[in-house]
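Note sheet for the following structure.
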């Protein structure tokens, strides 16, 4: 947590503006924690306080059983589609092969994602709790401020939209036989028994529909978690930028500067739209502080100590961001490696099936949904990684925007160390092999279309041999 001086020596819960600076959120990840429980990646959840003591064992066993059921559903469908792929390989029917292979990749990755986040659930929970405890909900007390609530709101809205999009794509495929009124399964795979029989059809259909829902939940959870953490960290970078810009204003505010003098400084820092420097912040918007609210309870310490202490608070915030960024890399590096491979092959196969497959309307719609979700998912990971890399080295630029030279003799050694550390770029990698940025986006798409060209040549040769 930040010191009381960070908030103007008034109150840690003070709001710099009643309407533009919302109260601090106690839990930034409430929605994601619910999703984590729903998609079976939280085998050991904390039981609520109202949970009866006599049912404590049931509360511990049920999540583990549910996680096991989700993993078994995904992996057994992956095995069945593997058998289907092996059965259609001798036929040489590329469309049938790519169909089965696509679903094999999807279900094995769903199983991998579920197992991965189950194993990382404790570490992920500790990470979320650390961010909830240490994040700054607004910038250093000064004449202007930014509120990180906007980043939280963006991440929450994105999570809702992305999860709904993923579920819509997979459920529409899963319920298509019901919509058409035909007795068939949504997933055409091998079974060692008659899956359409009167005693098994309902159970098999329910299992496949549940598996489809888990595909959407697993894909949606991984992407929304990464984007949420990225947006929150970018919001913290914006809080740091505004805090560094207001170091001199913060010192004057605590030093007893008159409201008129602070208002003049506010106009100087918060220029109009025509004169304001563009792209100072990634996500957040800068607002004028309600100076009367902050001036009412301020103290008047030595200005040199106030400036130095404020810089120390900014350094602590910067270290917190770098620590969280490193933990983000540790959590997602293995996941992004497998995700990159999965997206590469899946993108290639989906495009090939879309180009060379049958022209059934429902099939085309489902393929376009999967293709759109796959491309957008790749864009999410690479674009957020690019934003983190680019904006993690802009802290020094934000420092130069304030009147730092007036207090340079108080911070000689500290500022040199800070400026050196401010050039440490944040990178999210795929297994330490590739950086997840726009270059990776281009390379994945290039690789996918290279495989697509190879498949099209194989299909053309097969057609020529048949003629």
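Cβ coordinates come from backbone N, Cα and C, glycine included.
As recorded in Swiss-Prot, the features of this protein are as follows:
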TOPO_DOM  1-60  topological domain 'Cytoplasmic'
TOPO_DOM  82-98  topological domain 'Extracellular'
TOPO_DOM  120-159  topological domain 'Cytoplasmic'
TOPO_DOM  181-212  topological domain 'Extracellular'
TOPO_DOM  234-286  topological domain 'Cytoplasmic'
TOPO_DOM  308-334  topological domain 'Extracellular'
TOPO_DOM  356-367  topological domain 'Cytoplasmic'
TOPO_DOM  389-467  topological domain 'Extracellular'
TRANSMEM  61-81  transmembrane segment
TRANSMEM  99-119  transmembrane segment
TRANSMEM  160-180  transmembrane segment
TRANSMEM  213-233  transmembrane segment
TRANSMEM  287-307  transmembrane segment
TRANSMEM  335-355  transmembrane segment
TRANSMEM  368-388  transmembrane segment
Residues of the topological domain 'Cytoplasmic' (120-159) by DSSP state, where helix covers H, G and I: 25 helix, 4 strand, 11 coil
Positions whose Cβ lies under 8 angstroms from the topological domain 'Extracellular' (181-212), at least six residues beyond its ends: 73-74, 77, 80-81, 83-84, 87, 99-100, 103, 107, 110, 170-171, 173-175
Under 8 Å, at least three CB pairs between the transmembrane segment (160-180) and the transmembrane segment (213-233) (pairs 6 or more apart)? yes
Quick one: do the transmembrane segment (368-388) and the transmembrane segment (213-233) have at least 3 Cβ pairs under 8 Å, skipping pairs fewer than 6 apart in sequence? yes
Which sequence positions outside the topological domain 'Extracellular' (308-334), separated from its termini by at least 6 residues, show Cβ-Cβ distances below 8 Å to it? 2-3, 5-6, 116, 120, 123-124, 127, 130-131, 134-136, 140, 226, 229-230, 233, 236-237, 239-240, 243-244, 247, 250-251, 388, 392, 395, 407, 410-411, 414-415, 418, 421-422, 424, 426-432
Does the transmembrane segment (335-355) reach the transmembrane segment (61-81) with at least 3 CB pairs under 8 A, where each pair is 6 or more residues apart? no
Per DSSP, what is the helix/strand/coil residue tally across the topological domain 'Extracellular' (308-334)? 27 helix, 0 strand, 0 coil
Mean of the pLDDT scores, which run from 0 to 100, over the topological domain 'Cytoplasmic' (234-286): 81
